[in-house]
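A.B. asks: Pulled the feature table from TrEMBL, pasting it below:
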type     : residues                       : note
DOMAIN   : 261-354                        : domain 'Transglutaminase-like'
ACT_SITE : Cys269                         : active site
ACT_SITE : His328                         : active site
ACT_SITE : Asp351                         : active site
BINDING  : Asn391, Asp393, Glu439, Glu444 : Ca(2+) binding site
REGION   : 461-490                        : region 'Disordered'
COMPBIAS : 472-487                        : compositional bias 'Polar residues'
Amino acid sequence: AQVRLSRNNVQHHTEEITVDHLLVRRGQAFNLTLYFRNRGFQPGLDNIIFVVETGPLPDLALGTRAVFSLARHHSPSPWIAWLETNGATSTEVSLCAPPTAAVGRYLLKIHIDSFQGSVTAYQLGEFILLFNPWCPEDAVYLDSEPQRQEYVMNDYGFIYQGSKNWIRPCPWNYGQFEDKIIDICLKLLDKSLHFQTDPATDCALRGSPVYVSRVVCAMINSNDDNGVLNGKWSENYTDGANPAEWTGSVAILKQWNATGCQPVRYGQCWVFAAVMCTVMRCLGIPTRVITNFDSGHDTDGNLIIDEYYDNTGRILGNKKKDTIWNFHVWNECWMARKDLPPGYGGWQVLDATPQEMSNGIYCCGPASVRAIKEGEVDLNYDTPFVFSMVNADCMSWLVQGGKEQKLHQDTSSVGNFISTKSIQSDERDDITENYKYEEGSLQERQVFLKALQKLKARSFHGSQRGAELQPSGPTSLSQDSPRSLHTPSLRPSDVVQVSLKFKLLDPPNMGQDICFVLLALNMSSQFKDLKVNLSAQSLLHDGSPLSPFWQDTAFITLSPKEAKTYPCKISYSQYSQYLSTDKLIRISALGEEKSSPEKILVNKIITLSYPSITINVLGAAVVNQPLSIQVIFSNPLSEQVEDCVLTVEGSGLFKKQQKVFLGVLKPQHRASIILETVPFKSGQRQIQANMRSNKFKDIKGYRNVYVDFAL
């Protein structure tokens, strides 16, 4: 038999992966040519029976084995085959897997029953079957070709980081079509707890994108299994890579594979999401990477994030472990949801960062984005947790003398500028409206209360949740309930008489002093004497506070309707040794009037920025022709940095990640190097670069390159 690999793979949009092996998509025909030694195939007299098998225990009843004949339209098998052309010594046939078939590696065999009574069996070889977003009957069907090109075929992109006030695109090499990645993705499925426990059932369920996405989500982290990545949120990464250093998924997946599936150290949310995007796009499920700024992590399911402050304005850790992440990154995968009521298919949230368990395993989703927007938190999977990430309320408390005093409740601080890369563009798309109604609107509060009410019902009624749920209005709960879920007050807050606000005077660049002012405004017709405690502390991007390194106290007297500014400066020498890799500084002010017990809290998160790496492509980029690339980088600090390493990669441009050891860079030193490569794939490509040292870990840069076919 001859398989026209190139033609089949091009028709199935898999030629980017390989043209050396057969990779096809379900619900779409592929062609084989069968050659006969002595005589040609005689329809009506001869019969060709095809057998396809996947998994270690193929089973007709489970759908992991299929037996079907040529042109038998009434065959009980959902797999079909038909005759295309028939010659003297060769016959061309087409085979088609059902659009619900399990994805994975298949073995193809044929039995030929001749009219003379002889039966001949042949093993034709292996092929890989993938999901098919081009097939209208497939559960992952996406009806827009530009979206298919972006969310399945594009092998690079941007992951948005920083803060809502300073959104920074981080370039990423997904590399889902790079050498061996498809094999690693299939191995990842076989290493899951589901496969290890019951391989026959696991393989049978691989036709469901809901099931496959949950398996992959659990396998990206290593909390329950030998998953791809170890997560770590601290400042000590000496036994692995700092998560900020990664620029692509390929090196991570190949390291996991090369070390016998030992988890790679280390990842954080954007790394988990990026690697999951690579695997899902490789398997054929449309996937994109989403960033949520000011992302809630509600640990007790009451849709309230509690934050605690001391009397200096310093944020404290809390026993509940509720936090607001400066940003959090997850995936959306496109699929039908036949397990949910109509209307909840489409984009589904999957979060591979190990935060909370789902059915006993660290994974999250798929949760319908529409269900999140509508507050339908009783729909599978993990919808309440995702709802809290984008729409929880934030309660601030003052801790003093062992007592807690409520400062204020903010209904709009969680879930801002929810972002993803635009389709076939380097711009950022804001998709916040997909997740929630406009903050401050009546609809948004109604949805919040509906979600809270559903959680109350589930908490108290267990398997009978919702039986006594009233159609509208929050119900009150007793204080001694096992999980008190208190409805937030919808009464208008008291009229604020004094406001405080921070304002930066200059862009906050790494290595420079941070200059800002505290703006105080008296909106009343009375004099106000304020005492304001100010502090600054580093934050990890998951919201965990580090020790404060700067404090000040301001005494401000305000006449009626008067505004004043209080100038502040934090020098580089003050913050440099306390700064986390995330480069986040939280400045806080806690003000109080002499004549009033009321407290005023204001804070601001500052993200320090580096100058980016500049990449220049010297000359035209042509497949299989040498190409020179100039990389210009600098030390932004006024001190010497050591152990400098430059990492450069790009799918279709470099066969593997390039590492250049630069050693020592003098203060403010600027330098460049020339790298030589030979592009091996045509089309739009991207170069990603990162420089790390003993003082910083993630100075990044990128350059898009169009590679022409060889002339």
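Cβ atoms are placed via backbone N, Cα and C, with glycine included.
Annotations in TrEMBL come from automatic prediction, not curation.
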A.B. asks: Nearest to Asn391 (Ca(2+) binding site) by Cα distance: which of the active-site residues Cys269, His328, Asp351 is it?
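C.D. replies: Result for Asn391 (Ca(2+) binding site): the nearest of the active-site residues is His328.
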A.B. asks: To the nearest whole angstrom, state the Cα distance for the pair Asp393 (Ca(2+) binding site) and Cys269 (active site).
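C.D. replies: Cα-Cα distance, Asp393 (Ca(2+) binding site) to Cys269 (active site): 22 Å.
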A.B. asks: Write out how many residues of the domain 'Transglutaminase-like' (261-354) are helix, how many strand and how many coil, based on DSSP.
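C.D. replies: Going through the domain 'Transglutaminase-like' (261-354) residue by residue, I get 15 helix, 41 strand, 38 coil.
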A.B. asks: With the cut-off set at 10 Å between Cβ atoms, which of these recorded positions ends up with the most neighbours? Options: Asp351, Asp393, Glu439, Glu444.
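C.D. replies: Its Cβ has the most other Cβ atoms within 10 Å: Asp351.
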A.B. asks: Looking at the recorded positions Asp351, Glu439, Glu444, whose Cα is closest in space to that of Cys269 (active site)?
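C.D. replies: When the Cα distances are compared, Asp351 comes out closest.
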A.B. asks: For His328 (active site) and Asp351 (active site), what Cα-Cα distance in Å is obtained after rounding to a whole number?
C.D. replies: 10
A.B. asks: Could you give the Cα-Cα distance between Glu444 (Ca(2+) binding site) and Asp351 (active site), in whole Å?
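C.D. replies: Just about 24 Å between their Cα atoms.
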A.B. asks: Here are the recorded positions: Cys269, Asn391. Which has the lowest count of other Cβ atoms within 10 Å?
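C.D. replies: Result for the recorded positions Cys269, Asn391: minimum number of other Cβ atoms within 10 Å at Asn391.
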A.B. asks: Using the centroid of the Cβ atoms of Asn391, Asp393, Glu439, Glu444 as reference, list every other same-chain residue with Cβ within 8 Å of it (recorded Ca(2+) site), in sequence order.
C.D. replies: Ala392, Thr411, Ser412, Val414, Gly415, Lys436, Arg445, Phe448
A.B. asks: Between the Cα atoms of Glu439 (Ca(2+) binding site) and Asp351 (active site), find the distance and write it as a whole number of Å.
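C.D. replies: It is 24 Å, counting Cα to Cα.
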